[in-house]
């Protein structure tokens, strides 16, 4: 008993400076509240004891933080997939279908408004997805990624808006900028350089600053989708039904955005992480399985797409090199437009 008392006394003496500081900070906060009228809801000053008790990075809190029970986020994944299809895939379709009189060529199109909504809703859903992770994730990296995502998507908004509006003037996406009939005859020729700069902002810089943070956030979230409980490694029926539309959208994202290298590196990183965590006795929860299987199906869809268009000489000319993955809209302007024109001639 005497030894226990000595231990407690030593502990109190060691914490005495910190306790005095906490008491002083609390008194300061109380005085400040009185000065502001007594109704101010002020956050208490930092205190070592409170941090030790509530910070999940210390002691038993760490295990609880790493292995919280995780349910399938049906609402978030459904909203995420729906807005991707409507606001991203649907924006060029809305621009083409809606009457041109409603959205003149010198004004934003319906697709531009879709893009604006996408630039707001998508980062919000990504942040909500990160918040629901059962594991504490690096917030600073997430915030920087979100900022880059919004900036890249906004750059893409401008470039993509002009490029898609050029379709009404005869621009053909399956041709390069300088090979397009409406571009190569421009005078002075420096105007062609300006259109190439616009294409660079749209297809290269905008896509890079948009998609790299996007896949980085998904991977960061994926790192927290592991659990030691086997029962949590099962997907509900709703997840299986949602996997098809989700995978198909990722196929469109990779092919139209020309980001196969970024996608495949992310997928390989996921595979490596799964094998590493499996050695520790951890398995993917339902959300991790949904994301991982969606990426697998996406890879299969990309392979089918490439095999189908493997012998297309015109698309081969626009997409030279080892990695040959044509854009869906290039395929549309090359084949579907000609098909529609043929039907109208009859």
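Just so it is clear, glycine is given a Cβ too, placed from its N, Cα and C backbone atoms.
Annotated signal peptide per TrEMBL: 1-22, in sequence order.
Annotation source TrEMBL lists transmembrane segment at 113-130 (among others).
Remote same-chain partners of the transmembrane segment (142-159), defined as residues 6 or more beyond its termini with a Cβ less than 8 Å from a stretch Cβ, comprise 112, 115-116, 118-119, 122-123, 126-127, 130, 198-199, 201-203, 205-214, 216-217, 220. What TrEMBL records for 142-159 (among others) is transmembrane segment.
If you look up TrEMBL, you'll see 210-229 (among others) marked as transmembrane segment.
Packing against the transmembrane segment (259-276) from elsewhere in the chain are residues 207, 211-212, 215, 218-219, 222-223, 250, 253, 284, 291-292, 295-296, 298-299, 302, 323, 325: each is 6 or more residues past its ends and has a CB under 8 Å from a CB in it. The annotation transmembrane segment is assigned in TrEMBL to 259-276 (among others).
Marked as transmembrane segment by TrEMBL: 288-310 (among others).
Listed as Cβ neighbours of the transmembrane segment (210-229) (distance under 8 Å, sequence separation of 6 or more from its ends, same chain) are residues 67, 69-70, 126, 129-130, 133-138, 141-142, 144-146, 148-149, 152-153, 155-156, 253, 257, 259, 262-263, 266, 269-270, 273, 277, 281-285, 287-288, 291-292.
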